[in-house]
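Asker: I'd like to ask some things about the structure below.
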Amino acid sequence: MSGAGYSFLLFEIVCVVLLTASLLHHYGNWRRQQLVVTGVTFLAWQFCFLIVFILPTDINCTFYEDCLMSNVSGLEANGTSAPACREPWNHIPRAFLVSFWRVIYWSCQFLTWIFLPIMQSYAKAGEFNVLGKVKASLVDNALYYSTYLLIFAICFIYVATRPDIHIDFAQLRVIGITASNTWGLVLIVLFLGYGLVELPRTVWSAGCPGESLKRAYFRLAKVNSELIEHQEELEDLAAEAVQLAECVPGPEHPLAANARTVAELAESSGYCGGRDAGLGRGKPTASSIAAARRRLNEDEDGGGLTAKRLVKLHCQLKKAIGLEQRSRCLLQEAYASAAFLEDIESNRGSRLHFFRRGEGDFDSESGGLLRRLLGPGVEFYWKCHARSWLLRGAACFLLAASGLMLWCECTFFIKWPVLTPLALLVQAGRGALSVQLICLLAIGYLCACTYFTVFRLKLFNYFRLVPNHQTDENSLIFSGMLFCRLTPPLCLNFLGLVHLDSHLASGLKAQTAYTQLMGHLDLVAIISNGVNLYFPIAILLLALASYFRLGSRLLHCLGVQQFISSDDELTSDLLEEGRLLLRRERARRSRDAPGGSSSTGGLLKSTDSGDEEDELFARKPPPARQLPRSSGAAGVAAAPVAKLSLSPPRSSRFERLLQADGEPVEFEADTQPLFPSARAAVQQQQLRQQPPPYKSGSGRGGFFDDV
């Protein structure tokens, strides 16, 4: 055998490494995040992608070995030789594949069941020492481990009660794999039933700019309200941290160091007062201090400084900071998406046939590279016409693929006649390169639908993959943990779809190296003959529920904000709120841009002193007005004009900016405050009004530093 098989395997590994690195660079930020998080996430993603890319090669080699075994059987039975089997050009020996799968599979199991859960819980724990954090991590994952142990115990008891089976290490290994696959299969059924319907629907909606714009307005209003809630919660927690720090009698107190750690975390968040887009940077307000004191007095521990209270507050602060940073990032993404769709909708009816953008610079978020590479005319035809038709065509293709997968999931357990189109295609093209391509596309689509659901469900709203280097470390760890947990059983389910399992393909004499490692689960009949075969039919029921949006309609009836129809009163209010938010953000960015009409920006900044705000917004007095001279007077001196301040009282302006339906108050670009102190204050306010760069982690540090 030539080394073409190993060369192709090396080529696939290199491609997977490049793909993983590019995706991790797109979503994460290795410069700001801890290296251990980036490295572990890279390994987890790479192992899962390797399973998806190498499994088609394993299938191709299995067909060749099955042909050899069939020829040997025919020669022994009839004494006649069958046609010679053609060895695939990328054939890899079975022994090497089994060893390869063993390393990949058990590495994934170690990451998903032991290392990543402990690492994630360790980073979120509120304890102040290593032993306490490890203990909190085990307690936090107790429910997670108990579900696995329950399935393992059921399988073990079932096998132990069978007199014809003697339990040894190999059978315990199969029982462990059975429990893990069953756990993953339950999640796959839930996620795949939703993703097979929602992914094509999402792509189709993206091809309809009008409908997408309404959804963008709706999402913008929801994300903005979530950001305000998270800011309020973070401000209250920061005030409580300050109040607890004040309760420390002195530096010799045993809890002084812990209270100082909590106070420093609240201070490092830079969010101790004010709730306007993350700009409130200063001391906690009197109202937040009073609320913190009430929380301390009403706490079940009886108030005061206790170790339990510090641990709880430390954990809450970590979570609140992560939620606030993630919501701020999602808000910027929502602004860019809504502005992009609004520009497309406004240009569709234009007769000029070149793309014009609205005010405000969103190119950094929505991709200014296209504008630099293409002219305005090409950009107009691409964004206003070609893009929509291309997305609709892709949605139709994905819809056909979803229908094919649903049919295969409902019929793959029927041995004869074979009703699964994927099995017919794969069996008809034994050993061909097209078989590998079909298998790769099918597995990739199943994975895409499954993982699409994970980061769309409200249940996992805390974890989200955000592009442009904005994904936080907790979400990266969670994604790696979930990928390692779902990919192995999903690929095992795919082998059933193409009838490469001996339970389903009666004429198949060889089995894949992947199946040889995973086993056929013969020890537990209820799993091998029941759940693994008929449970995927539940995907069809969930797909029907997703098609009719039963879950969204139920949540909408319960008062949860869901986009059902733009005719609904609540939805209409949110759409109008999103439209106004985008218009004000456009005006703010237009004024903040070089050559804009204001030197102060458009974001609202509440202060504790009305005089300070009036000083910031002080205007130059207009020049003396030259009155016309009458014929009977030699001249009239220019009357001095009193200094005019356009700043109403702070409270009235606050209410007006929050409730106004029009544009914010405009200021001339050439106006500057009168006094140097006022100009310095304006410059400081401009710096505060710039949202700080989102930091997905606390910077590089030790192996298990706090995230």
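Using N, Cα and C of the backbone, Cβ positions are placed for all residues, glycine too.
TrEMBL feature annotations, pasted as is:
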- 6-24: transmembrane segment (TRANSMEM)
- 36-55: transmembrane segment (TRANSMEM)
- 103-122: transmembrane segment (TRANSMEM)
- 142-160: transmembrane segment (TRANSMEM)
- 172-197: transmembrane segment (TRANSMEM)
- 220-247: coiled coil (COILED)
- 389-414: transmembrane segment (TRANSMEM)
- 434-455: transmembrane segment (TRANSMEM)
- 476-500: transmembrane segment (TRANSMEM)
- 520-545: transmembrane segment (TRANSMEM)
- 586-633: region 'Disordered' (REGION)
- 595-607: compositional bias 'Low complexity' (COMPBIAS)
- 679-707: region 'Disordered' (REGION)
- 698-707: compositional bias 'Gly residues' (COMPBIAS)
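Provide an account of the burial state, proximal residues and distances for the features listed.
Answerer: Sequence-distant neighbours of the transmembrane segment (6-24) (same chain, 6+ residues past either end, Cβ-Cβ under 8 Å): 30, 38, 41-42, 45-46, 49-50, 53-54, 57, 89-90, 92, 476.
Counting only same-chain residues 6+ beyond the ends of the transmembrane segment (172-197), those with a CB under 8 A from a CB of the stretch are 109, 113, 147-148, 151-152, 155-156, 159, 402, 405-406, 409, 446, 448-454, 456-457, 485-486, 488-490, 492-493, 518-519, 521, 523-524, 527, 531-532, 535-536, 538-543, 545-547.
Listed as Cβ neighbours of the transmembrane segment (389-414) (distance under 8 Å, sequence separation of 6 or more from its ends, same chain) are residues 192, 196-197, 199-201, 203-204, 206-208, 420-423, 442, 445-446, 449, 496-497, 499, 504, 533-534, 536-537, 539-540, 543.
Counting only same-chain residues 6+ beyond the ends of the transmembrane segment (434-455), those with a CB under 8 A from a CB of the stretch are 52-53, 55-57, 59-60, 63, 188, 190-192, 194-196, 198-199, 202, 398, 401-402, 405, 422, 425-426, 463-465, 479, 482-483, 486-487, 490-491, 493-494, 497-498.
With a cut-off of 8 Å between Cβ atoms, the residues of this chain six or more beyond the transmembrane segment (476-500) that come close are 24, 27-28, 33, 37-38, 40-41, 43-45, 47-48, 51-52, 55, 59, 62, 105, 108-109, 111-113, 116-117, 119-120, 123, 180-181, 183-185, 187-188, 191, 408-409, 412-413, 418, 420, 422-423, 426-427, 439, 442-443, 446-447, 450-451, 454-455, 460, 463, 465, 508, 511-512, 514-515, 518, 532-533, 536.
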Asker: Six or more residues out from either end of the transmembrane segment (103-122), which same-chain residues have a Cβ under 8 Å from its Cβ atoms?
Answerer: 40, 43-44, 47-48, 50-51, 133-134, 136-138, 140-141, 144-145, 148, 180, 474, 477-478, 480-482, 484-485, 487-488, 517-518, 704
Asker: For the coiled coil (220-247), provide the mean pLDDT of the predicted model.
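Answerer: Here the predicted model's pLDDT, averaged over the coiled coil (220-247), is 89.
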